[in-house]
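Q: If you scroll down you'll find the structure; I have some questions about it.
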C-alpha cells in the first residue's frame, strides 16, 4: 500500500522521562517506515548533546536551574530539529525527533517550527509513560550503562547518577494535555494502556496499530527454508515441487534440532508455527510438527515469490528466452516484477501482516518458508537496508535464530548437514558496549 | 490469517448512553468479522426489551427509580446474555452484546455470569462517548424516530421523549474505569480521542485497528469492472489481456459518467489493479478527470493457477475433478498454484481498511472476483454467496453508506451509445434493516 499518500511529510516527536523507551520506539518506527519504503530517519537529541557538550555530563548538567547547561541543551535540541527539517526538505518522508520534550513550551516551539517549515506537514507526538520501577530499572541496565555518557564509570555509580538525572527531569515534567492542540499517542506501561488524540491519516493510523503491538519480551524467531526441493536440484525457479531425498533428510534433522531446543511440553505448546501452502514447505513442516506434536498454520502469505511467466525455467533458460528481463532484474532485483508475477517490493507489502503478527507475539516463533520470503522477514528484524534484501544470504539447510534485543538483533546460524546431522554454529552477538566505546559515531548514526 | 483468531470465543460488550452509535459500531464490527470468516451475531438488548415489555415504553420506563421496570430490564439483559452464550457454544465465534451497560454493576454482573457459565470466553468492551450535541441530535433523527418504540408519534414528541430517556440513563452512567480490570477501547467523539486498555490477542488487536478507521462521513464508493477484455470475449480465465474495442469505449463512457457525477470535485481517490485491462480503463477515466490513480497488486484478479488462459470448457475437459470441486464449493476451492475466494478476501482486507478510512469518494476499477469480495463486505452479504454475486461488465455500482446499511445504485452504461440506465435499490433495504438487527 505504500503507493498511497507519499506526498505528505511526517514528523514524529517523542515525549517522556529518561528510560521510558523513547529511543526504542523511535528506532522501531524508523525500521518499520524504512522497510515499507519510506525514507525515514531518527534524530536523537541526546547524541547532539553528547557531540557538542561531551560525554562527561553527570546529572548536575540536567538540573533545570543550571542556566549555562540549559542553554547548551536547548541549542542542541534546536540543531537536531533543524537537521530533521533539512532532511525532510531534501527528500526525506518521515523525520523522527527522539528527545524528552517534557515541557509544554518546548513542544509548542517545535510544533510551530515544523508547521512553519512545511505546508501541510503531519506531526505526531508520542509520549511514553511508565510507572513500573522494575521496567525502568531494567531499561537503565540494558541501555544506559553502556551509553557513552558512562564509559568511565562503573555500573552502580552509573545507575545512581542516571536515577538522579531522571529526578532532574521530573521537576519540570508536564504531560501532554489536549489544549496543546497536538495529535498525540500516549503509551503507558509498555502499551498496556494507550490514548490516541486526533490522529488521522493512513500512516498515522498504522503507527497506532504498530505501537499497540510492541513489547519488550525477548522471544526468539526461528527462520528456516524448506529442505532441498526437486527444483532446487534442477536449478529451476517457481514451481510447486516436492522435497528431494536430501531435503527429506534435512526435515528429519531439523525436527531433531527443534526437539532439543524445546525440551518440555510447555515450551512446545507455546510455539507459534507458520509455514506456506507449498508442498516443499508443508512436507518439511509436517516432519517437524509430528516430532514436536504441534500444528503449523499454513499461510498463503508465506508462499514463495511468484515468478509469473518464468515459472519452471532455469536462470539460463530465462536469460535465453527473456534477455531484456534478465538484464533488468540484474540491475534492479528489488523493484523488478516478473511479468504476471511479483517483485520483492510486492513481497514486502504482502508479508506485512505476518510482520505484525511476529511483533505482537510474546512466544517463540518458528517459520518454515522460502528464500525470497525469508530474505524479507530477516531484513526486517535484522534491520538490513532495503536494497540489500534481494541478495541476502539465506542458504538451504540452515536455521537462523534471531533474538531481537533493545536496539539490535542477536543472530545465531545453525547449519545442519542433512546427511550426517552435524551442526555448525555461527553466532553474532551485538556487543553494544564495544560498539559504543570504540565508535561513538554509531550511536548517532542510526 | 484469520486462523489465528479461531482459538478463542469472544464476547464484545458495548457501553454508552443512547444515541452514541453503539448499534452502528456493533453492526460494523459484526459485518467485518463475518466477512473475515468469524461467525458473529449482534444481540441487541433493546430488541429483547421490545419483545418482552412491548414497544409502548416512554422515558419513565427507563427511570432508575422505577423498580418494576428495572427488574424487567435486568431480566431482558440476562436473557440476551443466555442466548449469546448458546450461540457461542453452538456455532458462533463472536457475540456482540449491544446494550447501554452503563453501570459498573451491570458490567460486573455480565463478567461474573460469563465467568460462571462460559469461562473460556474472552471479553472485550467498546465504549462510545459523545459530547457533541449536534451529532447526538442527528443520530436521534436518523435512527430513533423510525424505531418501533415511536410508531404513531410525531417526530418532535419522539425526539423529546428520547432525550428524556437519555437523561434517565445519564443519572446513573459510570464510564469504564481501569480498576474494573477489563479490556476495553473507548471511542470519544467519533474517533477524535481513543483509549485502549489491556488489549489481548490477534482478534482484539485487529478490531482496534479496524475501529480506529471508522467514521460517519457519508462518502460514496464506486465499484466498476474494467471494460470488456479479449479474454472476456474468448471466455477464458486469468491472463493479462487488453481491452477490446467495446471495452475501450466503455472506459471512455465511464470517464464521461464520472465527469458528470463528480460535478467538478476532483478531491477523490481512485485505485485499480496492476493488470492491463484495469490500467487501460483507469487511464481513460483519469485522462478525462485530470486525476491520478493508484495501482495496487492487492486488487489483481483471482489467480487461477494452472487454469490460466483456459476456457471453462477446457477446464472441465482437462481437470474434471477440479471442475466438480469448484462447482460444489466455489468459496474455498483453491486453483492448483492459484487462489481461492477466501485467499482473495484475505488479500483484499487492506483495501477495505483503506476505503473505510477514506473520507473522500473512492473509485475502484478492478475485476469480478475482487469486486464480489468488496461488494459483499459493504452490502452485508453472507460470505458463501460471494462467489455468485452479480457484478456484470459495463456497470458502475455506487454505494453510499447510511445509518445501518448501504444505499446502492447501479448505473448500466452502454459502451456504444453512452446511454445510462439507473437502478435504485435503496427503498427495499430500508424496511429490512431495522427489524433485522
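Count begins at 1; order follows the chain as displayed.
Quick reminder: no glycine exception, Cβ is built from N, Cα and C everywhere.
Please treat TrEMBL annotations as automatic predictions, because they have not gone through curation.
Pulled from TrEMBL, these are the listed features:
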DOMAIN    B:5-218  domain '6-phosphofructo-2-kinase'
BINDING   B:225, B:226, B:227, B:228, B:229, B:230, B:231, B:232, B:277  substrate binding site
ACT_SITE  B:226  active site, tele-phosphohistidine intermediate
ACT_SITE  B:301  active site, proton donor/acceptor
Q: Which whole-number value in Å describes the distance between the Cα atoms of residue B:301 (active site, proton donor/acceptor) and residue B:231 (substrate binding site)?
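A: Rounded to a whole number, the Cα-Cα distance is 13 Å.
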Q: Determine the Cβ neighbour count for residue B:225 (substrate binding site): the number of other Cβ atoms within 10 Å of its Cβ.
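A: The answer is 27.
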Q: Express in Å, rounded to the nearest integer, the largest CA to CA distance found among the substrate-binding residues B:225, B:226, B:227, B:228, B:229, B:230, B:231, B:232, B:277 named in the record.
A: 14
Q: Specify all same-chain residues, apart from the site residues B:225, B:226, B:227, B:228, B:229, B:230, B:231, B:232, B:277, whose Cβ lies within 8 angstroms of the center of the Cβ atoms of the substrate site, ordered by sequence.
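A: For the substrate site the neighbour list reads B:233, B:241, B:242, B:243, B:244, B:247, B:393.
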Q: Helix, strand or coil for residue B:225 (substrate binding site)? Use DSSP.
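A: Residue B:225 (substrate binding site) sits in a strand per DSSP.
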Q: What Cα-Cα separation, expressed in whole Å, is found between residue B:226 (active site, tele-phosphohistidine intermediate) and residue B:277 (substrate binding site)?
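A: A Cα-Cα distance of 6 Å.
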Q: Have a look around residue B:277 (substrate binding site) and count the other CB atoms within 10 A of its CB, chains all included.
A: 29
Q: Under a three-state reduction of DSSP output, how is the residue listed as 'active site, proton donor/acceptor' classified: helix, strand, or coil?
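A: Once the DSSP labels are grouped into three classes, the residue listed as 'active site, proton donor/acceptor' ends up as coil.
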Q: What average pLDDT does the predicted model assign to the domain '6-phosphofructo-2-kinase' (B:5-218)?
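A: Mean pLDDT, the domain '6-phosphofructo-2-kinase' (B:5-218): 89.
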